[in-house]
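Starting off with a structure, shown below.
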Amino acid sequence: MAKLLVAFIVLLALATPSIAGDPDMLQDICVADYKSLKGPLRLNGFPCKRPENVTENDFFFPGLINPGNTGNAVGSLVTAANVNNLPGLNTLGISISRIDYAPWGLNPPHTHPRATEIIFVFVFPRGLVHFQKNIGNSPAVAIAAFNSQLPGTQSIAETLFDAAAPAVPSDTLARAFQIDGRMVEIIKSKFQHK
């Protein structure tokens, strides 16, 4: 009986890796059809183009080739290649971004609610608040990969001080950040131009 139990455990251990992987896709491709919400098949919110309408351009995005304009308040620009601008990524569960930094530029604290992010040697699990900063005197670039075709980005400062609906009360922000109400209003005014 003991030998049978050991054999069963070994068999189960060998089968586990094949069970633990991601499920296979239902089809080879499902190129997002932005023009029609009445496609023959809808997955992940985007209808699929009919196969006869798929072209090589559905799998090409030139936006990661050139540096982005970092002449803004934070000194960085994120150029995303996701299902919104690269229709061939639909249902594949991946996306990639290029982040350009001016000297001392900052990619402000944010989170990705639908994806884990990896930047070379840094891994940011889904939902973890994180940021990146160029601490050098020359421009820098990073390439980030995501395990989602549309990872989402939630800017912490913009959300708290401008975009939340209903708005986060000023006294709540003052207490949470341990600053006075005047400072909260100054910070809010920086975002009102958007």
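Quick reminder: no glycine exception, Cβ is built from N, Cα and C everywhere.
Just so you know, TrEMBL annotations never went through curation; they're auto-generated.
Just lifted these from TrEMBL, have a look:
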- 1-20: signal peptide (SIGNAL)
- CYS30-CYS48: disulfide bond (DISULFID)
- 62-185: domain 'Cupin type-1' (DOMAIN)
- ASN107, HIS112, GLU117: oxalate binding site (BINDING)
- HIS110, HIS112, GLU117, HIS130: Mn(2+) binding site (BINDING)
Which residues, in sequence order, are found in the same chain with Cβ within 8 Å of the centroid defined by the Cβ atoms of HIS110, HIS112, GLU117, HIS130 at the Mn(2+) site, excluding those residues themselves?
THR111, PHE124, LEU128, VAL129, PRO151, THR153
Apart from ASN107, HIS112, GLU117, which residues in this chain have a Cβ no more than 8 Å from the mean position of the Cβ atoms of those residues at the oxalate site?
SER97, HIS110, THR111, ILE119, PHE124, HIS130, GLN132, ALA144, PHE146, PRO151, THR153
Out of CYS30, CYS48, HIS130, point to the one nearest ASN107 (oxalate binding site) in space (Cα versus Cα); all of them are recorded positions in the record.
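For ASN107 (oxalate binding site), the spatially nearest of the recorded positions is HIS130.
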Measuring CA to CA, name the entry from the binding-site residues HIS110, HIS112, HIS130 that ends up nearest CYS30 (disulfide bond).
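Nearest candidate: HIS112.
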Minimum Cβ neighbour count within 10 Å among the binding-site residues HIS110, HIS112, HIS130: which residue?
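Selected from the binding-site residues HIS110, HIS112, HIS130 on minimum Cβ neighbours within 10 Å: HIS130.
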To the nearest whole angstrom, what is the C-alpha distance linking GLU117 (oxalate binding site) and HIS130 (Mn(2+) binding site)?
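Between the alpha carbons of GLU117 (oxalate binding site) and HIS130 (Mn(2+) binding site) there are 10 Å.
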Sort the binding-site residues HIS110, HIS112, HIS130 by C-alpha distance from CYS48 (disulfide bond) and give me just the closest.
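Of all the candidates listed, HIS112 is nearest in space.
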Within the domain 'Cupin type-1' (62-185) only, compute the mean pLDDT.
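When the pLDDT values over the domain 'Cupin type-1' (62-185) are averaged, the result is 93.
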Per residue, counting other C-beta atoms within 10 angstroms of the C-beta, which of the disulfide-bonded residues CYS30, CYS48 reaches the highest number?
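Per the Cβ count within 10 Å, the most buried is CYS30.
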